[in-house]
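Asker: Okay, these came from Swiss-Prot:
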type    : residues                                 : note
BINDING : G7, L8, P9, G10, T11, G12, T13, T14, T15 : ATP binding site
Amino acid sequence: MIITIGGLPGTGTTTTSKLLSEKYGLNHVCAGFIFRDMAKEMNMTLQEFSSYAETNTEVDNEIDRRQVEAAQSGDLILEGRLAGWILKKSNIKPDLSIWLKADPMVRCIRISERENENVDLALEKMISREASEKKRYKEIYNIEIDDLSIYDIVIESSKWDANGVFNIIEKAIENLKA
């Protein structure tokens, strides 16, 4: 089974992916972790690396390559803002494609708690990062990140806790056509 989970920072994609991975024994591949690792390898902050990635398409190409390679082996949770799009462009059909969304201030608070940062600083970074990524996705892939038409399920994650979001997805998996 291949499941893609996408969402902007702070929507709960990583938490949800981990819960699903544990429940179904699926490998968890996260584009964000790949991106963060690459930033660390180059001794850059996420903001610096996002700016670098805007003009260096090899960053996205490497992340994409790793995601497609993982998906070709099957049985995984593929987490990333473009995970669903990358598989679609590679003609790999996931069993379930999910997008999590949440109110921007809810996301900002979650990020500030996760990163142990002041809310105002977290908001500034979040806005900058998302603008950078939106521009990059449009230029490199001709993808509008706000286009949710490829997803089977879109969940407003600020309405439920992590277990509530997990339960919704679990029911969807149980009811997938064989």
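Numbers here mean position along the shown chain, with the first residue as 1.
Using the three backbone atoms N, Cα and C, a Cβ is placed for every residue, glycine included.
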Asker: Counting all other Cβ atoms within 10 Å across every protein chain shown, which of the binding-site residues T13, T15 scores highest?
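Answerer: When each Cβ's neighbours within 10 Å are tallied, T13 tops the list.
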Asker: Would you count the other C-beta atoms found within 10 angstroms of the C-beta of T11 (ATP binding site) for me?
Answerer: 25
Asker: Identify, in sequence order, the residues in the chain of G7 (ATP binding site) that are 6 or more apart from it along the sequence and have a CB within less than 8 Å of its CB; answer 'none' if there are none.
Answerer: T13, R81, W99, L100, K101, A102, S157
Asker: Tell me the Cβ contacts of P9 (ATP binding site) under 8 Å, same chain only and six or more apart in sequence, or just say none.
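Answerer: Listed in sequence order, they are R107, I111, M126, R129, E130.
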Asker: Other than G7, L8, P9, G10, T11, G12, T13, T14, T15, which residues of the chain come within 8 Å of the ATP site, judged by Cβ distance to the Cβ centroid of those residues?
Answerer: T16, L100, A102, R107, R110, S157
Asker: Is T15 (ATP binding site) helix, strand or coil when read with DSSP?
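Answerer: Helix, per DSSP.
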